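Chemist: Here TrEMBL flags TYR178 as active site, proton donor/acceptor. Taken from TrEMBL, the feature active site, schiff-base intermediate with substrate applies to LYS206. The pyruvate binding site annotation in TrEMBL covers VAL249.
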Amino acid sequence: MLQRLIGICQTLSRRGKSFSLCQMLKRGLRLGLGLSPVRHYTLDLRGIYPPITTPFNPLGQLQYQQLVDNVHRWSQLPFRGLVVQGSNGEYPFLTETERVEVVNRVRQVVPADKLVVAGSGCESTEATLEMTKKMAAVGADAVMVVTPSYYRGRLNSAAFVHHYSRVADGSPVPVVLYSVPGNTGLELPLDAILTLSQHPNIIGLKDSGGDITRMALIIYKTRKQEFQVLAGSAGFLLSAYSVGAVGAVCALANVLGEQLCSLEKLCLSGKWEEALELQYRLLEPNTMVTRTLGISGLKQALEWFGYHGGVPRSPLQPLTDTERTDLRAVFTNNGWL
Ligand SMILES: O=C(O)C(=O)C[C@H](O)C(=O)O
C-alpha cells in the first residue's frame, strides 16, 4: 500500500501539481482505497494562456494535424499552459466527440510541464459534469466552466452555486469558474463567486468582463483563500496584475504570445512604465480580434503570424476584404506586422 501511495504522489508531482505532503497522502489514500478523488488540492495557475483556436477547412471539417502543428509552436512560448475550448476554441460549434478529441490531441503533444485547461461548460449541470469527466480522462489538468446562459432570466446566484458545486463535487480535476458576459449576456454574480471560492475543488475564476473594480473586490475578498483570479482578455492585463490577478487567458496570446508573456514579466517585476507602453500597443489589436471582428479576425491574424488559422465554423463567416484591410492596418500601426 505504501508503495502505491508513493507512486501516486510521484505521478502527481511529475504533472506539476503543487501538493502538500498531507494533501498528497489524502489523495493517494483515497485513490488507493478506490474512493472518489479527493478535492483538497491546489493547482498553481499563475501565468499566461492562449485560449487556442480550432482550425477548420472551408467545408467546416476539423483539421487535427493543423491543430497539432499550432500546439507545437505555442508550446515553445513561455506560457503556463493552453486553454482548450475557451470561447475562441468555438466550443459551441463542436460535437461532444470533437470537444473531447481536441483536448485529447492537445494533451498528447503539449509538454508535461504545461497545463491543459479544458473548457467543459455545457448548458445543463449533468452535461457539464459528464464533459468534465471525459476531458479529465483524456488528461486535462483542470476544467474551465463557462456559465450556462440560455435560461438567463432564471439563472440567479442560487442556481449558479448549485450548478458549480455539483460539477466541482464530481470533478476529478480542479474547476475554474468562467464569466464572459460579452458572449453569454450575463455575469457570474459576485456573491456566487465568493460562496463558490470556498469550495475545495474550485480554484479560481477567469473573468472576461473587464470590470477592474469588481476584479479587485473579488481578489480582496478571497485573499485569505487559495483562489486565483485570471484576467479574461489582454486589454486589461496590466490593470488586472496591478490589483492582484495571477495571470490571464487572452485571445491575443494566440498571435502575440511572446509579447503578452513579456507584459506579464514587466508587471511582476514592477516595471510599470515599460509595461504601460507595451499594454498601449496591445489595446487596438486586442479589441479587433475580440469585440470588433472576433474569431474570424483572430484566425486571419493567425495566418499572418505563420500559424494555421483557417476559417471559423458556420454560421460565423470569414472576414470581408474591408475587414481584412482594417485588421492589417491595426497590427501594422501598432508595430506588430
Ligand atoms: O477565448 C477565450 O476563452 C477567452 O477568454 C478570450 C477572451 O474572451 C479575450 O477577450 O481574450
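Cβ coordinates are placed from backbone N, Cα and C, and glycine is handled just like the others.
TrEMBL: automatically predicted annotations, no manual curation.
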Chemist: Under a criterion of Cβ-Cβ distance under 8 Å and sequence separation of at least 6, what residues of the same chain contact VAL249 (pyruvate binding site)?
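Modeler: Result: ILE48, TYR49, PRO50, PRO51, VAL83, GLY86, VAL117, MET144, LYS206, SER208, LEU230, ALA231, GLY232.
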Chemist: Taking 10 A as the limit, how many CB atoms besides its own sit near the CB of TYR178 (active site, proton donor/acceptor)?
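Modeler: Its Cβ has 29 other Cβ atoms within 10 Å.
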Chemist: Among all the protein chains here, how many other CB atoms are within 10 A of the CB of LYS206 (active site, schiff-base intermediate with substrate)?
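Modeler: 29, counting other Cβ atoms within 10 Å of LYS206 (active site, schiff-base intermediate with substrate).
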